[in-house]
Amino acid sequence: MNESVTVRGKDRYKSGVMEYKKMGYWEPDYEPKDTDVIALFRVTPQDGVDPIEASAAVAGESSTATWTVVWTDRLTAAEKYRAKCYRVDPVPNSPGQYFAYIAYDLDLFENGSIANLSASIIGNVFGFKPLKALRLEDMRLPVAYVKTFQGPATGIVVERERMDKFGRPLLGATVKPKLGLSGRNYGRVVYEALKGGLDFTKDDENINSQPFMHWRERFLYCMEAVNKAQAASGEIKGTYLNVTAGTMEDMYERAEFAKQLGSVIIMIDLVIGYTAIQSMAKWARKNDMILHLHRAGHSTYTRQRNHGVSFRVIAKWMRLAGVDHIHAGTVVGKLEGDPATTRGYYDICREDHNPMALEHGVFFEQNWASLNKLMPVASGGIHAGQMHQLLDHLGEDVVLQFGGGTIGHPMGIQAGATANRVALEAMILARNEGRDYLHEGPEILAKAAQTCTPLKAALETWKNVTFNYESTDMPDYAPTPSVSV
């Protein structure tokens, strides 16, 4: 169906139930304005439901419609405020699924509010009965809207200047085990990892303030470790102090204490909510702190291919919200991450302008209006033996976090950190010399290991570790398998 079937005039406002496509929510001749917010949904209608009607219903229920005609529509600029589904395409190789392109007038959204944006776009509509499933695949955010957000508080360029580290990925590690350590032992892990050559250590998502270690105790021991490691190495170091708590008041208190102790970075979890994230981002900018976001909980709605919200959308929202770091996948690690899809995530974080790239799952051109760049973080099941693959897939503007790959080293934590640092330095040197480091990677690492016993032990310990599983979320226009490690 390529023509409009909208009912016009008085008949449009007769009491009763009317199909969404006849109420003005299906407008195939509509040309989106530069100022429109555009959303791409993957729509899976119930059996027997017209895909055009299902898509129009998504447009209606995410903007101005309800289940019946209401006369109060005539008191508004209804033609302007209705979301308009203007294109519906079958999803390649996915029978019964459709891509619905929906345009929203900018006036429907509050400036600078992810909470308001998400309340409309992913509000009630995801529970709509005529749909088997619904997924928000991508969004085009107009420049006029983007400029109402502050963007990353620090950004990649200023972070590198603050850390005095250039020309290579940054190295980190999540403290393990994530729960159960005392404050003193936790601080010892931080010191060993930083002294061994890492740039950062990190709290995990669920370490907050528990009986075995109060948050204040952790902060004190961690910052003591950071200061000692800086003195020993002559390098600037940091540890992501997780300020996530039950209330905003508690989070502000913890962030202020981290600042008083001299930390360069704090951390929050995605589960605190969009408004809390934006609030902490504003605090971080005001107080010159780097803000790390752990994407805890995201896979509950980003992983399934037919229902939920794509992580590329979450990445866009978080760049608007103003965090400086976000976990964005590893390609070769233990967590979900198709190579092409992950490339799309990284481009969203790091580029000033994103062209449409269907092969990476990016459906719209996106102008970031000079917002700072967001540093992606790769963590989860990576080790020194993958350094050539990580550098090739992810580039240099990334934090590579080797948690188990540092703390699980057979010679100890400091040796694990040294192994990762030497592997990275060897690979960067090979890259700068113009070598084909991706294909020569194993040879480069083996040569470096001849003069670095910790690296030799790491390569031997994890040489057979693979996470070769097919990804559940891949670009529909360029299906690719997960990378074999």
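Here the Cβ of each residue, glycine as well, is placed from N, Cα and C on the backbone.
Taking all protein chains in view, 11 other C-beta atoms sit within 10 angstroms of the C-beta of N124 (substrate binding site). Under the heading substrate binding site, Swiss-Prot lists N124, T174, K178, R295, H327, S379, citing sequence analysis as support.
The annotation active site, proton acceptor is assigned in Swiss-Prot to K176 (among others) on the grounds of sequence analysis. K176 (active site, proton acceptor) carries neither a helix nor a strand DSSP state and counts as coil. In this view, K176 (active site, proton acceptor) is surrounded by 15 other Cβ atoms within 10 Å of its Cβ, with every protein chain counted.
Per Swiss-Prot, the feature Mg(2+) binding site maps to K202, D204, E205. For D204 (Mg(2+) binding site), the count of additional Cβ atoms within 10 Å of its Cβ stands at 19 [all protein chains shown].
Swiss-Prot lists K202 with the feature N6-carboxylysine. Under DSSP, K202 (Mg(2+) binding site) is assigned to a strand (E or B) in the three-state scheme. Sequence-distant neighbours of K202 (Mg(2+) binding site) (same chain, six or more apart, CB under 8 Å from its CB) are G172, A173, T174, V175, T239, Y240, M267, H292, Q401, G403, listed in sequence order.
For the recorded site, H294 (active site, proton acceptor), the DSSP three-state label reads strand. Listed in sequence order, the residues of the same chain lying 6 or more apart from H294 (active site, proton acceptor) and placing their CB within less than 8 Å of its CB are D204, E205, N242, M267, I268, D269, L270, H327. Residues or ranges marked as active site, proton acceptor by Swiss-Prot: H294 (among others).
The site 'Transition state stabilizer' annotation in Swiss-Prot covers K334.
Taking the mean position of the Cβ atoms of K202, D204, E205 as the Mg(2+) site, the remaining same-chain residues with a Cβ inside 8 Å of that point are T174, V175, K178, D203, N206, I207, Y240, N242, M267, H294, A296. Pairwise Cα distances among N124, T174, K178, R295, H327, S379, which the record gives as the binders of substrate, peak at 37 Å. K176 (active site, proton acceptor) and N124 (substrate binding site) are 39 Å apart (CA-CA, integer value).
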